[in-house]
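J.: The structure's right below; bear with me while I get my questions together.
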Amino acid sequence: MDIYAEVQSPDPAELINSPFGGRYCGPIPPRRRISLYRAIALSFYTAKNQTTPDVFDGRYQFINESAEYEVGQPVVGSPCSYVVNFAHKRTGFLVSPTYPGAYPKDMSCTYQFIGKPGQRVRIEFRDFDLFFGGPHCPLDFVRVHDGSDNTSAVIGTYCGQQRNLVLYSSESNLFVQFSTLQRTANTQNRGFKGIFEFSESFVKLDFIRENDGVHIRGSECDQKILSKKESTGFVYSPNYPFPYVPKVVCRYFIYGMQDAQNLERVKLEFSIFDIPKGEHKPKSDSNCTDGYLKIYLKGQETMDAYDKYDHELCGTDKPHPVVSDGPRLVMVFSSGELQGRGFKGKYSFETEYKVPGTAAPDGTCSFTYRSTSKKKGEFNSPRYPSNYPSDTNCSFVFLATPNEQVTIIFDHFKVKADNANTTGGAYGTSVCFEDWLEMYVLYRDGTDRFLGRYCGYTAPGPVESPRGAVGIRVVLHTDQENVASGFKARYIFEVAKSVFGDCGGNFTGVDSGIITSPGYPLNYEGPGKGLASKACNWYVTARSGYKIFLNFELFGVEGDPASRGCAAAALRLWLLPDSDLPPIEMCGEKALNEHWQYLTQGQSARISFTSADKAIGAQGFRIVWTEVQEGTGPPSSLSLLCESTYHYQCLVSGYCISDRLRCDGTKNCGPEDNSDEMHCTVEMPKEDHGVLIISAAAVVSFLTCLLCILCQRKRKRRHHRQLHRNAHYDSTTSATGLNSSRRNLQSSLSGSVHGISSGSLRIPPAPAPPTSLPPPPPHVCISGGIIDDMNDPNDELDDDEDDDENMMDNDECQIHLKDDMNVMDADLTNDPFMSLNANNIMSNTNSNSVNHYMNISSTINPNANTSVNDYYQNVMQLQNGESV
């Protein structure tokens, strides 16, 4: 079946001139067709000789064209163009030709709406079905212009299927264009149908035009506010300052700058707010059941997620200020049925640096980090990891408490240095003159000290604020050309260290010295667990009129000034510590054929070595420093004599150094001058035998003592065995032992008297018992081993444990028997019953008499409970040869 829906003449011969509407077969019937003019033609073809009535069937109807399809006054020469004037029709239908049948191809229709001043035109498409040729609608489309003809601003171009498409004119005129292309493709889209309305009650746009907003074409009261770089302005509810119109929805799109050079955020503060809440509905989660103002801070409108708002406001309480998370802030105002005064708010665009920290209240790129707020954190260049903006100056200030210090560690660094010579590292004011980063140490008196300028890939080394400083300031400067990714760093507030840091020292009043890295010659290590950095500070001071000459004999610190900087560890050298000159910052490795030597500008130098928590360790360094006379050395002539005869002038470098440094094993004249170590007489050091002699004496003494102990024990055992064989003390033989002891004593005494030339031995008769207690008789200390053997005749060996216990009993003895007989002499003369000449006793006494006396004395030693009379009676019996 062939269909012709655009037949202008009912003559069948004219079908050849009519546009072909399509050919159909199979079981699927064509869509509804409506003629463009007064006729429609169907052509049926079959190859069969006979057909049945059920091949196809349909219905036809004649309809009133003027009532259905004449939108307005027809335009001459066009079958589907109309002019709609408010004077003739204030509201009506807007339909495409042949709707709801398939619209024709290769056709152009226009609809011109003309209202009076103060009116606005509203069009609502309730059905919209056009062939979709792409997102820009290059084939069939409906284009709406905000004006009287197709030269006016375009509100939008639409195709495909649209829902809830409602458009408003900004003023009193609106122009709609419907266009289809000629093609062979068989399409059966319906077209469109909607309603139009002219009205003075639509929202007036004066509240937008009188401010910095721009009305979004096609909307009733939506507006867009664009930043003019950190600009400010006001937003109002519709019809402000009068009550707003009921049942109105207006959207506010407030957009800050966002491009390669700028990034802003939006801050909104309300000064007037009055939107009635309405009655609370039980099943409603919102308190704003009538009118409301919803605020979106995260750009939800880009995903059409208007149900995910951040704030819903209503009532009469003034809301708190809000700040967008990015460059976009959107408000949706719905007036509801109740009227209120509305709202007035101030918006301000602030540059968004995306830098953590406390921003300056004036919106500049200034950030402050206080120890009292946060002990550690991160900071970065604006918009990191994106490129930082050009023509910007940012400052980052870190303030510690009096007993703390701050450490700065850089983890990423890339600052533009297009025209700089960075072969040896992008460091210093002479190299970094485009974009750069500087660091300063801040002091409590308001002064600061310059630490260094960095650019390119040369990351600054870890830095600690010295003791006595209040903090550190970091400054980023960018020019107007080109940008880079910037930097990312960390800050840590810790308890302040000593002036020397974790190691280091002070050198004053010495001629020379050596400074090495921690742990040298082993690799240095990073800080301990939980610590941010490890620092060593050395202070070297020379005498007045002298300078410090430093020679780096060895240097190996992780890092590379040209490629990545000294982010993990760095050594800083101040040649004039008390000035504002920055230190020399060093890392990397010194080649063996390189010479690193420095001469201070004054009489002092300061060396600081700092390693960060990410340091893995390296060889370290060895620095020889020497006090040299001021004015000597290159380029001075060697003819200049040293001022003192105690100085030595180096032959090559010309430095005057202390004569004591000659032949000390260290090159003090410089790396290429070995004159101070030449022509040295090598003296063999004298061997010190003191330690050897003392050690030998100690060994001999120990062996002697050991031998004496062994001999003494052996002698005691031998003596004990002798006593065991000769002395058997029991209850039947005790008297015999006493008689024997008495006879031995008498024999010893008689032998002694026989040899006396002067003096006599007299045994007095027994005196009467005394009435008072005489002094205690003499006691003889007897070895505990002897007593032990006497008490235990069956024990043939010495019992060491018994010896130890019996030694305690010997402390009670008043007379100690020794090899010297003077003790025996003194004791015998004190006995009231014996009178001996001491000299004769000394000359005639032999060992037997001494042993006998020991036996007697030990036998008659009175017990504490024995009476005095018994004691004297025993003595008398012994003198008479009787047994006791």
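Along the chain as shown, residues are numbered 1 onward.
Heads up, the Cβ atoms here are built off N, Cα and C, so glycines get one too.
Keep in mind that what you see is a predicted model, and the values were worked out from it rather than measured.
Feature list, courtesy of TrEMBL:
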- 737-760: compositional bias 'Low complexity' (COMPBIAS)
- 764-779: compositional bias 'Pro residues' (COMPBIAS)
- 789-803: compositional bias 'Acidic residues' (COMPBIAS)
- 80-199: domain 'CUB' (DOMAIN)
- 221-350: domain 'CUB' (DOMAIN)
- 365-494: domain 'CUB' (DOMAIN)
- 503-628: domain 'CUB' (DOMAIN)
- 721-803: region 'Disordered' (REGION)
- 690-711: transmembrane segment (TRANSMEM)
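Describe the structural surroundings of these features, if you would.
T.: Looking just at the domain 'CUB' (503-628), the mean pLDDT is 93.
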J.: Going by DSSP assignments with H, G and I as helix and E and B as strand, what are the residue counts for the domain 'CUB' (80-199)?
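T.: The counts are 0 helix, 61 strand, 59 coil.
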J.: Under the DSSP assignment, what numbers of helix, strand and coil residues are found in the domain 'CUB' (365-494)?
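T.: The domain 'CUB' (365-494) comes out at 0 helix, 67 strand, 63 coil.
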J.: With DSSP as the yardstick, break the domain 'CUB' (221-350) down into helix, strand and coil residue counts.
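T.: In the domain 'CUB' (221-350), the DSSP-based counts are 4 helix, 57 strand, 69 coil.
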